[in-house]
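Have a look at the structure below before the remarks.
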């Protein structure tokens, strides 16, 4: 122990040992090495002596360099642990009202440090860890700094090795980001570079520590012998080893003696176990024999317990401030902030942290300002530990009670405000369509016009009711017209606000009009066909057939209705929109049955209409009837897929109305025109196809001549232009008003 103390340097006087003599290392074995207080000096010494199996005891270094036991197998600490340093950093932040921070952690520490425990510790201190970035010496530190710049934390706690610290300082300076962060670091950063505002934690107090100049170290014969051992004998070589050392902080005597006591306890334990009676040379020989086990005794439980009691318990906090002196030169000030006693968890801060030299203020380090926004009534908080982001729910989703997710409302419901959030689903009031919409007005106008046209046709039929002008019994023609008008009456019922009565009445009139109209049309064609063949069925027979057909159709329809009745339906076409429509519900089976019967009746009509081609009147009758059948079948072919694929029930209702208007109006125009032709032919005495053809040609020739004469009378006496071709319709239209009534009827043919 006496020999060990001979290595204690003094600045004055010039002798270096208390006994004023030096025996070098020839008479004593080196049991271990104590030191040093400077990280970048301790690292090479630890590697050097560690390779020889000599334990290194440090009472000052608390950095991350020596956590790698494979690289420093004989390095021992007598300093505070990682968790105590972290707790001190948290205390500094909490005292300074800093809430948001990030951590840079050397990746090889992940086996020693539980990251979740760091988060838990920060939450206990009411702090918010935004991100934890793991680094190695091979990391791209510029990318790391850029990543930190893009984040929201302005305070960074760094637990890295001295090499990583050096690279990090270079990256910060290269990116000119020195004023963008407040760095809180350990003594690993000593002599690695200064970043303005940096807060450093170290076991070395800023007070009462003697300073020894580098040249005094070089004058120490023991250090000189070490340099000579490595063939570093000239001044240039020795200066190179300490060129970066401007001053060395000496440690207090108490810390040194505690370290020596630990070595003595370890040596005593080794000798007691292997050679308890050995003294002097025997003890030395015993130690040399079992020297490789010495590090194990230094790490024993007894010594560890002793270390807990005598370790360096104070952590000192200081802030590096770079400022300009009176000469305009930059100078670094090491401003003491305070200290933290690990054992008692007492903090004593004499100066507050300052951010004046940085580009942000304390308000930028608060959770509320950086990572705890106020979410709107449609947003929930997506929490990440102490922070959260606001995530907007869709319009048809509610914020769940615990404010952590969204939940879709069921069909026909919509989010409503409750306790400041859209957190409750309520029924949507259905939209009811009435007669006041533009679409309803258009349909009503078309229906009214069609009804007037039907009345005109009915008037003509009743006025010209001579036996020779009939193509079917009067009661059958009137029945067909009445069925058409009944169909028109169903349109307003469709457009009224829906009720079960209005819906049932509308579909009943709709189906009745089509069934009766198509059945009557079929019987009319059969009547003409039989009349042309000279075989007429009597009126009772036709009526009986019609009644039987309609009864069968209605009976089947009634069975379908009883299996699934007509009613009301609520429809929400898109769940993402607050829109529910209340409409009539027509079962698919009823609509499908109606379409099937209608198409079959039209096909039967077409078969008999084709058989009317033989006679001159049958030919004209067939032309118009077939045109109507093609129109009706085309309408149903288009209607069929459109109706069944329509998403909105309102569109389906509109399709039914359009189908009815097109079909019934087409029927009025085409199925009654042959009756008008019959009247004209009877009046002109036409009884054969040749006479009818000659009559049509004469009408056309007279119209053409009339048009030519009118053009000549209107042509000026200048250069004549060749008239452009015109269609027959364009030729006939201008002269209709100048001809007699007789010609008006003829021109329509």
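Note: Cβ is positioned from N, Cα and C throughout, glycine not excepted.
Note: TrEMBL annotation is automatic and uncurated.
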Stretch carrying transmembrane segment according to TrEMBL (options 382-403, 404-425, 624-645): 624-645
From 348-370, 440-462, 693-715, the residue range that TrEMBL assigns the feature transmembrane segment: 440-462
Among ranges 311-330, 651-670, whichever one TrEMBL labels transmembrane segment: 651-670
Annotated stretches the transmembrane segment (440-462) and the transmembrane segment (507-529) touching (3 or more Cβ pairs under 8 Å): no
